[in-house]
Amino acid sequence: MPCSEDAAAVSASKRARAEDGASLRFVRLSEHATAPTRGSARAAGYDLFSAYDYTISPMEKAIVKTDIQIAVPSGCYGRVAPRSGLAVKHFIDVGAGVIDEDYRGNVGVVLFNFGKEKFEVKKGDRIAQLICERISYPDLEEVQTLDDTERGSGGFGSTGKN
């Protein structure tokens, strides 16, 4: 049976969402909130927007409020990740970027200014991206020893220079 033009036009991301029933739900907490958006159909994350103006001095940090609440799909958490343009152009990074499945507060983004100049955040600026990732909730088991591996306890550059 041939595909209709409408069915063929459905994006891969919409098909994937329809198949797993996943939905990232959100609530605007104020008139200052901007709905999360994706920059393209295949973008991994949803852009998060500042609800207010902030000034972040060099080598300082700020919790930038979005004035949105979110509910990530069941079995997921939200990872708040940096936007590459802010990192490259302004030395802005994101910290403490985990939103648990059961968190329902105002989403705040910790922005670090590693630059030498103050950084101005304006209301409506894209400040970070929210990526929904699957998570496992394993039971915690204390044991006497762990199995040996080829790598062993080597870390911090032990597997090679590059």
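The backbone N, Cα and C atoms fix where each Cβ goes, glycine too.
These features come from Swiss-Prot:
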- S11: phosphoserine (MOD_RES)
- R83, S84, G85, G97, V98, I99, D100, E101, D102, Y103, G108, R151, F156, G157: dUTP binding site (BINDING)
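All features noted in Swiss-Prot, drawn onto the structure.
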{"residue": "R83", "record": "dUTP binding site", "DSSP (3 states)": "coil"}
{"residue": "V98", "record": "dUTP binding site", "DSSP (3 states)": "strand"}
{"residue": "G108", "record": "dUTP binding site", "DSSP (3 states)": "strand"}
{"residue": "F156", "record": "dUTP binding site", "DSSP (3 states)": "coil"}
| Around the Cβ of F156 (dUTP binding site), the count of other Cβ atoms that are within 10 Å | 5
| said: Can you tell me how many other Cβ atoms are located within 10 Å of the Cβ belonging to D102 (dUTP binding site)? | reply: 8
| message | Can you check which residue among the binding-site residues G85, G108 has the largest number of Cβ atoms within 10 Å of its own? | response | G108
| said: Applying a 10 Å Cβ distance cut-off over all chains shown, what neighbour count does V98 (dUTP binding site) have? | reply: 11
| said: For R83, D100, listed as binding-site residues, tell me which one has the smallest number of other Cβ atoms within 10 Å. | reply: D100
| field | dUTP site span - longest C-alpha distance across R83, S84, G85, G97, V98, I99, D100, E101, D102, Y103, G108, R151, F156, G157, in Å | value | 38
